[in-house]
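If you look up TrEMBL, you'll see 125, 126, 129, 141 marked as Zn(2+) binding site.
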């Protein structure tokens with residue numbers, strides 16, 4: 001359905017998690033290693049997300065219909081009026097030459113339901129970038145990982161923050177911890193349970209309206225600091 005499932009015992013899970021963590025630290029561009037780390041350390045968190053989705057009407061609809069964020073499924077976002085959430089997402093993707101189809105498959109979940117939840121968490125990442133107005137640079141990705149941790153409590157998210165901030169220079173580190181980190185903590189706690197949102201049903205709605213409805217606090221403007 002989502003990927004080729006690989007069953008691991010606890011020792012194998014620990015070995016994959018350790019190897020993925022080391023590899024991801026050495027090469028943060030390895031999305032497959034980051035994905036494997038998230039899956040092998042995140043099963044309890046994904047189980048809790050699944051239970052929350054089952055208690056939510058919109059979450060249950062997502063689990064029932066299992067929408068996928070693929071080019072073939074979300075292409076209508078590119079045709080929507082500029083003020084809509086869907087158009088903002090399309091602009092975010094198009095301006096960076098991103099494709100919704102680039103996510104690595106899920107391989108290490110035990111059941112179809114958990115497999116789908118893990119894939120859904122991976123695929124809505126760019127929706128969250130759009131809603132919170134975060135860039136895709138190192139600071140923006142680290143800030144979004146803080147929000148993802150607040151929302152899902154995945155160990156991988158906090159490990160990614162630690163790994164990301166270790167690569168900051170002094171200006172980036174000061175900017176992140178003084179400006180973005182406090183906002184991300186507040187934003188992640190204040191918004192709705194974003195894993196229980198059927199985003200594709202809201203593409204046609206005004207971006208500001210969906211932000212208000214879901215309690216989204218967009219990222220504050222960045223101070224004029226050279227962090228390159």
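Each residue's number is its place along the chain shown, starting with 1.
Each Cβ is built from the backbone N, Cα and C atoms, and glycine gets one as well.
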Under 8 Å Cβ-Cβ from residue 141 (Zn(2+) binding site), six or more apart in the same chain: what's there? 134, 160, 164
Extra residues within 8 Å (Cβ to Cβ centroid of 125, 126, 129, 141), Zn(2+): 128, 134, 136, 144
Quick check on the binding-site residues 125, 129: which one has the highest count of other Cβ atoms within 10 Å of its Cβ? 129
